[in-house]
């Protein structure tokens, strides 16, 4: 099972950060040109993943402008739910990325309206957990509105550790047009940020989805019940605690519906 998971994530046991950066920038450029798009859109939270993906997007758009003489733009989108407690980190990330354009969309009015509409329709209160998923989906909706307006594509930040654990919202942060971090585990993403000379606070910020009102800033590792180091070791083919390995494999099987298009009568993956 471990080898199957490693192959499905495309994680290498060792990487050359310079080469990985080059390959991922080239991928972004090639995909944008082939799609006939004029730019890229990405939500910036201030964490490692969006900071890395954002920097790669910005560098790709700069190179396309220089190579073609045409206008290609990277749009960095801040998507707070009201006041973000770690806004300073998000601003540090923007300073590192230096995006062509940036917008801020406060998702709180839209999310609260959706939660209230649910209550009026059902008489029930939407749980904090499901409200968190609503936040993630509203963020992606806003990004697609911006992308459609400017003829751009929406970038996702899914990487190997998130893929294996299904640690993203279906049709939320899991909805996008392309994923430049695919094939990287968490520590490899850090290595690329070091190579790109990101601020230490950006590189080592405690990863959090920060979706639940009742548990603000809940660390990913607490939610997952394992550390990213354990996940990374597993994905690099190393031997880890059998209990953790079993947990990774159980979560992988449970979340595989997130790896496919909607199931139909003619699909076999779900059986």
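Cβ coordinates come from backbone N, Cα and C, glycine included.
Feature annotations, courtesy of Swiss-Prot:
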BINDING   43, 44, 45, 46, 47, 48, 49, 50, 157, 186, 208  ATP binding site
BINDING   49, 162  Mg(2+) binding site
BINDING   137, 170, 177, 257, 258  deamido-NAD(+) binding site
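Projection of Swiss-Prot feature records onto the structure.
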residue	record	contacts (Cβ under 8 Å, 6+ apart)
45	ATP binding site	79, 90, 93, 210
47	ATP binding site	89, 93, 202, 205, 207, 208
49	ATP binding site	157, 159, 162, 181, 189, 207
137	deamido-NAD(+) binding site	169, 171, 172, 175
170	deamido-NAD(+) binding site	257, 258
177	deamido-NAD(+) binding site	35, 147, 153, 154, 155, 156
(request) Select the most exposed residue of 257, 258, where exposure means the fewest other Cβ atoms within 10 Å, treating these as the binding-site residues. (result) 257
(request) Determine the minimum-neighbour residue: among 157, 208, listed as binding-site residues, which Cβ has the fewest other Cβ atoms within 10 angstroms? (result) 208
(request) Let me know the largest Cα to Cα distance in Å among the ATP-binding residues 43, 44, 45, 46, 47, 48, 49, 50, 157, 186, 208, as an integer. (result) 19
(request) May I ask you to report the DSSP-based helix, strand or coil state of residue 49 (ATP binding site)? (result) helix
(request) Please work out the number of neighbouring Cβ atoms within 10 Å of the Cβ of residue 43 (ATP binding site), leaving out its own Cβ. (result) 26
(request) State the three-class DSSP label for residue 170 (deamido-NAD(+) binding site), counting H, G and I as helix, E and B as strand, and everything else as coil. (result) coil
(request) Name the secondary structure element type, per DSSP in three states, that contains residue 162 (Mg(2+) binding site). (result) helix
(request) State the count of C-beta atoms found within 10 angstroms of the C-beta of residue 162 (Mg(2+) binding site), not counting that atom itself. (result) 28
